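Worksheet: the structure to be examined is printed underneath.
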Amino acid sequence: METRYNLKSPAVKRLMKEAAELKDPTDHYHAQPLEDNLFEWHFTVRGPPDSDFDGGVYHGRIVLPPEYPMKPPSIILLTANGRFEVGKKICLSISGHHPETWQPSWSIRTALLAIIGFMPTKGEGAIGSLDYTPEERRALAKKSQDFCCEGCGSAMKDVLLPLKSGSGSSQADQEAKELARQISFKAEVNSSGKTIAESDLNQCFSLNDSQDDLPTTFQGATASTSYGAQNPSGAPLPQPTQPAPKNTSMSPRQRRAQQQSQRRPSTSPDVLQGQPPRAHHTEHGGSAMLIIILTLALAALIFRRIYLANEYIFDFEL
């Protein structure tokens, strides 16, 4: 198998390491890749004690993506159990249905312990979940020991080590329960954060809608009051613009654009009359006055020249 894959690939390195760590079965779980496919594993887990699955041995498949461990695997149960559908990708916080909660530090062993820890929990309508009665689950637990996988040839009777009553078994059970609790809490935190963000966004949209729904008379009175405070000189007030009829099919972005266009200041002549003269108007007035003075001075010089010429002619005739 090693010659068929690129040993420099992070996914291949990781899966080779995990295959060596999980080579020996335990009394609670076992998993190994297929001989011809490193990215498909078959696993076997024992049902958690003190539950409806006590005494059951369940078999399934784990399909890993090429981006593993950056992306989560897909988990498929092959043994009827009453908690997960057979032959369908189940929806867990460690499966491909929830890549947002997956952590690259998790491994296939983490997935096996999570499956054991999630089996006694309620499905709550998740994809691939079932809610059989306790009697049906106990019957399926007894029947699961006779299952034999055609893909890998594993028989449930001898694939796991015999169950022991000791610290090792109880430690594995506690680890599975604690892992399932932590994963469930992480998923709840992520979903609650997403819900809060969506509620804030909806509240923002509803606030914009409430501004659109204000009565026309109230909007006109508000505009008149604000303009009177800014223009105490008594200039004629501009007539408030009637808003266009609200279109319920408009998107939030279109509604915001419409509001911004309505809030732009008016540029009517009445409003411009109340504005103070600009500075460049004074500069133009000074230039015009200077031109007039120079013109008058030039005219005076011309008249003086004409007067002196006429006076010289009069003296010459005398």
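We number each residue from 1, going along the chain as drawn.
Each residue, glycine too, has its Cβ placed from N, Cα and C.
If you check Swiss-Prot, you get these features:
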type	residues	note
ACT_SITE	C91	active site, glycyl thioester intermediate
COMPBIAS	215-233	compositional bias 'Polar residues'
COMPBIAS	249-269	compositional bias 'Low complexity'
MOD_RES	S184	phosphoserine
MOD_RES	S266	phosphoserine
MOD_RES	S268	phosphoserine
REGION	215-283	region 'Disordered'
TOPO_DOM	1-282	topological domain 'Cytoplasmic'
TOPO_DOM	304-318	topological domain 'Lumenal'
TRANSMEM	283-303	transmembrane segment
C91 (active site, glycyl thioester intermediate), number of other Cβ atoms within 10 Å: 17
Local confidence of the topological domain 'Lumenal' (304-318) - pLDDT mean: 73
